[in-house]
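*Asks:* Pulled these features from Swiss-Prot for this protein:
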- 1-6: topological domain 'Cytoplasmic' (TOPO_DOM)
- 7-27: transmembrane segment (TRANSMEM)
- 28-108: topological domain 'Extracellular' (TOPO_DOM)
- 109-129: transmembrane segment (TRANSMEM)
- 130-652: topological domain 'Cytoplasmic' (TOPO_DOM)
- GLY200, PRO201, PRO202, GLY203, THR204, GLY205, LYS206, THR207: ATP binding site (BINDING)
- HIS420, HIS424, ASP496: Zn(2+) binding site (BINDING)
- GLU421: active site (ACT_SITE)
Amino acid sequence: MNKYRRGLALGALALAVFILIGVGISMRATPQPVNLTQVLTDIRDGRVTEIHLANDGQAAEVTYTDESKTRVALPAGESLTTLLTDAGIPVERWPDIYPAGNGAISADLMLLLRILTIVAVGVVIFVLFRRFGPSSIGTTPTRRGSFEPIRPGERVITFDDVAGAEEVKEEVADIVDYLRDPERFRRLGARIPRGVLLTGPPGTGKTLLTRALAGEARASFFSVSGSEFVELYVGVGASRVRELFRKAKENAPAIIFIDEIDAIGRRRGRMEQSSEYDQTLNQILVEMDGFEERTTVVVVAATNRVDILDPALLRPGRFDRKVVVDLPDRKARRAILEVHARGKPLAENVNLDELAARTTGMTGADLANVINEAAILAARDRRETITNQDLLEALDRTLAGPARNARRFSERERRVVAYHEAGHAVVAHLLPHADPVRKVSIVSRGRAGGYTMIVPDEDRGLWTRAQLSDRLAALLGGLAAEELIFGDITTGSSNDLEQTTAIATSMVQRYGMGKRFGLLSTGAGSDLQQLSPQSAYTAEQEALELVQQAHQVALDVLRAHADDLERVAQRLLEVETIDGEELETLISPPRQLPVRRPVEQALPTPLHRAPIREGRRKGSAHRVGRAIGLVASFTRDAVESLRAAKPQIDRT
């Protein structure tokens, strides 16, 4: 970058100098013309010192006593001396007169100087283009020559630094063996995949895993982003691809990592896509096809939008191995926390198992941030060790934001928040299929006035209709509490309504849990464009019915346990934060509730209809088998769309 800026500055300086010289010469060579009568008057008054004739006596350059100059045209066929005599100017007042060619710059010379100036400007621009590429004018410089690898031995990361991804490491272990000892595979005629596509949510460690792969294989590591290839000028991206692969072959064995490959690997033929994207993608395909049998270069790409990639990228011989880097389970989260806690002084009361249980649905990047935030909190308080309280506070800050102690509610608003969060907690604690409540707080964090942390006992990939229905009721527990206690609702339920709308819509349009809409799926999200108006109306009405039924369930639970609601709310007003164990002591055993679920009356009666749970459910009787291969896509969709492990944040 410094070299680029220096060259651009020198070019701009040279251009400015040439322009100034050209302007100066032009101004000097072409004095401002004046009227002949005015010149004769100035000569009579003695203000003219010399006159230079030009153009065969048809023009004259007049120099004044103050050294200023003007240009005057002379009448054809008349000499300057005749004009002076006819004007009655005494000879002693005549200035020095020089014939043509003795001092004035000719028009031809002036034209030549202008042409030379234009040529010089063109040369400067040409040199800039040749030196720095076409993108050095008006955009950023090309990256040609800037693809520098991380060589073996530099900042080594190995599989020991990647925790919680044992299955993924097994998938890429043969690539490590191939890069270390390619002859063993060649003797057997084995062909190692040239491309590996890592897919999964952001923050799951795809980049870290690739660096560890290079470290284990002792290979050079090239890391680029898909957006780095594309520029305004057509052909720049393709040239960068060629340069990248050329350098990788020179530094073999090597691994090329292309992050966010969907930036250049989108399906071709779209109207809004420019030819620059197509040329860049074509060049990547050509380079991967051009690998020789003895080339020890492997391309690893990462994306979380595999559905939009061009099919040519995914065919055998290119990115023919696809590895899913999914969210870590509880055991993996425990291992990830241990890795990030290395070298940090932890207090004896730190319980990483408890923290792993509370962080369901978090990625490796989220967990690293929790550990780092806890270290910052300990340093801020000038303590020598990181305590368990630091970790729990860091978790709250990561999920809900820092506590806003300066934000003070009025006493009425504080009561509204307390009853709102108590409503969530009571409903979630009593319903048989809702997840357990870990924490309830009315401490303002971020934009939330309070929050209820509802985290499952175990990692879940599948959701039943009963679980989703109770989830809806728990989400609407805060709004129901406001209605019962204050007779009105507030804007604090906006986040709850967003979540209930998304879940109810998915239940009807994606998971076949509706009564009238049937076993149909409209795809991701709530897209109703592909449906007829009647079907879209039916889907909307059925989703609305699910929400209304869940709302009624929440009201019934809170009416039957009004004393529990009051106890929890008053305790929140006293201490502001309640954990799950204390919450269990505040809520009495469940009573027989008039729970109405009209949507289930039209369905077959479940054989294992569970009663309202006694106390806090441990979850062992509700575990769902995970060895169901035919529902893998449903499992991923459920995890991505519901994210039930995230705490419920209520903006009150």
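Including glycine, each Cβ sits where the backbone N, Cα and C put it.
Relative to the rest of the structure, where do these features sit?
*Replies:* LYS206 (ATP binding site) is surrounded by 25 other CB atoms, counting those within 10 A of its CB over all protein chains shown. A helical conformation is recorded for LYS206 (ATP binding site) in the three-state DSSP classification.
DSSP assigns HIS420 (Zn(2+) binding site) to a helix in the three-state reduction.
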*Asks:* Taking Cα atoms as reference points, rank the recorded positions HIS420, GLU421, HIS424, ASP496 by distance from PRO202 (ATP binding site) and give the first.
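*Replies:* That would be ASP496, nearest by Cα distance.
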*Asks:* Rounded to the nearest Å, what's the C-alpha distance separating GLY205 (ATP binding site) and HIS420 (Zn(2+) binding site)? Just drop the number here, would you?
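*Replies:* If we compare the Cα positions of GLY205 (ATP binding site) and HIS420 (Zn(2+) binding site), the gap is 37 Å.
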*Asks:* Which of the recorded positions HIS420, GLU421, ASP496 has its Cα closest in space to the Cα of LYS206 (ATP binding site)?
*Replies:* ASP496
*Asks:* Could you work out which of the binding-site residues (THR204, THR207) has its C-beta surrounded by the smallest number of other C-beta atoms within 10 A?
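*Replies:* Each of the binding-site residues THR204, THR207 was scored; lowest Cβ tally within 10 Å is THR207.
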*Asks:* Using DSSP with the three-state reduction, classify GLY200 (ATP binding site) as helix, strand or coil.
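*Replies:* It is coil.
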*Asks:* Taking the topological domain 'Cytoplasmic' (130-652) alone, what is its mean pLDDT?
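*Replies:* Mean per-residue confidence for the topological domain 'Cytoplasmic' (130-652): 79 out of 100.
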*Asks:* Highest Cβ count within 10 Å among the binding-site residues GLY203, GLY205: which residue is it?
*Replies:* GLY205
